[in-house]
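Q: The structure follows.
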Amino acid sequence: MDQSKRSSEVQPPPPYSQDDGQQNPYGQQNPDGQNNNSSPHYGLSVGPGNIAVVSPAGQYNDMGQGHPEDQQQQWAPPLPPDYSTGLEDTGCFDDKAIRRGFIKKVYLTLMIQLLLTFGIICAFLYWEALRVWSMNTYWFSYCMIAVVLVIIVALSCCADVRRKVPLNFLALGLFTIAEGLLLGSVTVFYEAEAVMWAVGATALVSLALSVFAMQSRWDFTLASGGLWVFCWTLISFALLCGIMRSQYLYIVYACLGTLLFSLYLVMDTQLILGGNHKYSISPEEYVFAALNLYLDIVSLFTMLLSLIGLCR
């Protein structure tokens with residue numbers, strides 16, 4: 001009697017959630033006579049009493065999967081989104097936008113260099129006292145050659161010099177002034193009319209070659225090795241002209257030099273434009289890119305000036 005009384009007083013364990021409290025206790029039946037299997041916990045009667053062994057619902061094919069510590073070790077937070085390529089709907093800079101800004105910066109710097117150089121040349125041509133002093137002072141030209149070479153080597157070999165602001169603009173400004181003084185000391189030995197013709201021809205040829213480089217399907221960036229060989233061949237030919245001192249050889253030398261620096265101008269323009277070309281200049285190298293174009297145009301000017309002076 002006592003044992004049956006105690007077993008009748010044993011109640012099933014309370015539900016473990018608010019949802020469970022609305023369901024029938026374990027081991028009891030619904031009013032329709034069916035067992036209550038809709039509960040998320042399973043009840044099992046052990047022995048004569050109503051002691052329930054409760055376990056959470058789920059599959060236990062792998063015993064390690066149900067352990068809370070194992071679940072915490074297997075769970076990992078989701079990876080952050082990749083922002084390396086930018087989002088299309090945020091209007092951030094893409095490669096084309098960066099390249100367009102780079103081109104604008106390069107050509108703006110180049111125009112300032114050319115205008116400054118042209119002003120210095122005009123001062124040597126039309127300021128009579130400066131013109132006479134330059135013609136009588138030979139050491140000035142050699143000093144400017146040394147300064148130009150030193151700055152070119154510094155800008156070409158030292159990445160910090162051409163990338164750090166304002167050091168890069170300072171070095172480029174000094175180089176432009178030195179190159180302008182060098183060209184001014186050279187142009188005093190020519191007539192002012194010939195110099196102006198050379199300036200106009202250089203501007204026209206440079207514009208035409210730049211448009212050609214933008215529209216051409218030919219990739220001149222692959223020809224850098226051939227142009228380098230051509231350059232050293234032209235230097236050897238210049239030594240030959242200095243030995244033989246023939247006007248016809250000078251004309252041939254000026255024509256070959258014009259062709260060489262025209263090709264260099266096309267190649268450097270395509271390096272700046274990028275796009276479908278094999279090689280391109282990094283957007284960080286805007287000072288170096290402006291320096292390359294400036295040297296191409298200045299060298300083209302000197303060759304055209306020599307050619308015009310020889311033909312007059």
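Backbone N, Cα and C atoms are what each Cβ position is placed from, and that goes for glycine too.
These figures come from a predicted structure and were not determined experimentally.
Dumping what TrEMBL says about this protein:
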- 1-80: region 'Disordered' (REGION)
- 19-40: compositional bias 'Polar residues' (COMPBIAS)
- 106-127: transmembrane segment (TRANSMEM)
- 139-157: transmembrane segment (TRANSMEM)
- 169-190: transmembrane segment (TRANSMEM)
- 226-245: transmembrane segment (TRANSMEM)
- 251-274: transmembrane segment (TRANSMEM)
- 286-310: transmembrane segment (TRANSMEM)
Q: Hey, which bits of the same chain come close to the transmembrane segment (286-310), Cβ under 8 Å, at least six residues off its ends?
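A: Residues 102, 105-107, 109-110, 113-114, 117, 152, 155-156, 162-163, 168-169, 171-172, 175-176, 179, 183, 186-187, 190, 194-195, 197-199, 201-202, 205-206, 247, 250-251, 253-255, 257-258, 261-262, 264-265, 268-269, 271-272.
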Q: Give residue numbers and ranges for long-range contacts of the transmembrane segment (169-190): same chain, 6 or more residues beyond its ends, CB-CB under 8 A.
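A: Distal contacts: 109, 113, 116-117, 119-121, 123-125, 131, 134-135, 140-141, 144-145, 147-148, 151-152, 154-155, 161-162, 287, 290-291, 294, 298, 301-302, 305, 309.
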Q: What residues in the same chain, six or more past the boundaries of the transmembrane segment (106-127), come closer than 8 Å to it by Cβ-Cβ distance?
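A: Result: 134, 172, 176-177, 179-181, 183-185, 187-188, 192, 195, 199, 272, 286-287, 289-290, 293-294, 297-298.
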Q: Would you kindly list the residues that approach the transmembrane segment (251-274) from elsewhere in its chain, counting only those six or more residues past its ends and only Cβ-Cβ distances under 8 Å?
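A: Cβ under 8 Å, 6 or more out: 99, 102-103, 106, 205-206, 209-210, 212-214, 216, 219-221, 223-224, 227, 230-231, 234, 237-238, 241, 280-281, 289, 292-293, 296-297, 299-300, 302-304, 306-307, 310-311.
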